[in-house]
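Reading through the structure tokens given below for one structure.
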Amino acid sequence: MHILRGGRRLISFSCNDYLNLTHHPAVKSAAIAAINLYGAGSGASRLVTGNHPLLVELEERLARIKGTQAACVFGSGYLANTGIVPTLTGAKDLILIDELAHACLFAGTQLSPAKTMVFRHNDVAHAEAILAASRAQYRHALLLTDGVFSMDGDRAPLATLSALCAAHDAWLMSDDAHGLGVIGGGRGSVAAAGDPPVPLQMGTLSKAIGGYGGYLCASAAVIDLMKTRARTVIYSTGLPPASAGAALAALEIIENEPELTAKPLAKARAFCAALGLPEAQSPIVPVIVGAPEAALDASRQLADTGFLVTAIRPPTVPAGTARLRFAFTAGHADEDVARVAQAVRDIVKL
């Protein structure tokens, strides 16, 4: 949370280490122990010799937490999405994707020969209209969404999307990079939505988990397909033992410390209440400024006050919606949350 930048000590409100597990003693010890036992790297693709026991254990743990039959670990979240989407879809298929879905989901669609259609953000009626008009023309349909949207912090209506996909014989895939560990009792966005059927649950090990890597939790058949067909699995070196060991330790903490997993959202909601903003749905809170220059200026003024808050500008976000993106963690002191809220009130016209 505390960083040095330009000789100044700042409190960061821009880091996705929501549970502050990157520096947790148990997580660091597990990474070191994994290196001592298995070495610094995996040495090869998982289909050759890179499938060390910690990866198998990690996949079993992820599947249990997500309530699926199996899981496949990838080298990163980006590698996961750019491997999963083209593996599941072909030229005779249809992909629907939320307009604000993460860039790596869009990258996955670009690697697939399937027809891709974009629906308005969280607009289930628009997605339904597309499926009603087009579904019959295609063999399979895949609907892609974030569980928690990384720039707006809002959640996808997963229960409604699940029912929609069931009605139109479509597969639903949710990217839970910003949900696991911080909502749904730590289990993520599907759990927070009441555990509707979401057959494809993807995520990352680099946010609340505090390490590095990506994963897909799904049926045993889908996971077998990924491990034998996904190019980002077959042609990538397996995740290093240290990353797998650290992730296992982090998941142990998440499963056994519910009070810790509840803190980031509580901090975000306290911030929103102080500023009169709508109640936060996740630890991510955007303060929309508008012009890129105004966002940069506000970020600089916050730094002068002792806070690191990154200005997010187009093309990362739509034109006219440049913003300060706040990410709240379990370790943020209540008084610092109150102070940064006051600083925003003084700097930004809300």
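Every residue, even glycine, has its Cβ placed from backbone N, Cα and C.
The pyridoxal 5'-phosphate binding site annotation in Swiss-Prot covers GLY77, TYR78, SER150, ASP175, ASP176, ALA177, HIS178, THR204, LEU205, SER206, LYS207. Positions annotated as substrate binding site by Swiss-Prot: HIS102, THR316. Annotation source Swiss-Prot lists N6-(pyridoxal phosphate)lysine at LYS207, citing similarity to another entry.
Residues GLY77, TYR78, SER150, ASP175, ASP176, ALA177, HIS178, THR204, LEU205, SER206, LYS207 make up the record's pyridoxal 5'-phosphate site, and a Cβ search at 8 Å around their centroid adds HIS102, LEU180, GLY203, GLY214 from the same chain. Put simply, the two farthest-apart Cα atoms among GLY77, TYR78, SER150, ASP175, ASP176, ALA177, HIS178, THR204, LEU205, SER206, LYS207, the recorded binders of pyridoxal 5'-phosphate, are 15 Å from each other. Here THR316 (substrate binding site) is compared against the binding-site residues SER150, ASP176, HIS178, LEU205, LYS207, and the shortest C-alpha distance is to SER150. Around the Cβ of HIS102 (substrate binding site), a 10 Å sphere holds 24 further Cβ atoms from the protein chains shown. Within the same chain, residues at least 6 positions away in sequence whose Cβ sits under 8 Å from that of GLY77 (pyridoxal 5'-phosphate binding site) are CYS104, ASP175, ALA177, MET202, GLY203, THR204, LEU205, SER206, GLY213, GLY214. Local packing around the Cβ, expressed as the count of other Cβ atoms within 10 angstroms, is greatest for HIS178 among the binding-site residues HIS178, LYS207. GLY77 (pyridoxal 5'-phosphate binding site) carries a helical DSSP state (H, G or I). Cβ neighbour count for SER150 (pyridoxal 5'-phosphate binding site) (all protein chains, 10 Å cutoff from its Cβ): 21.
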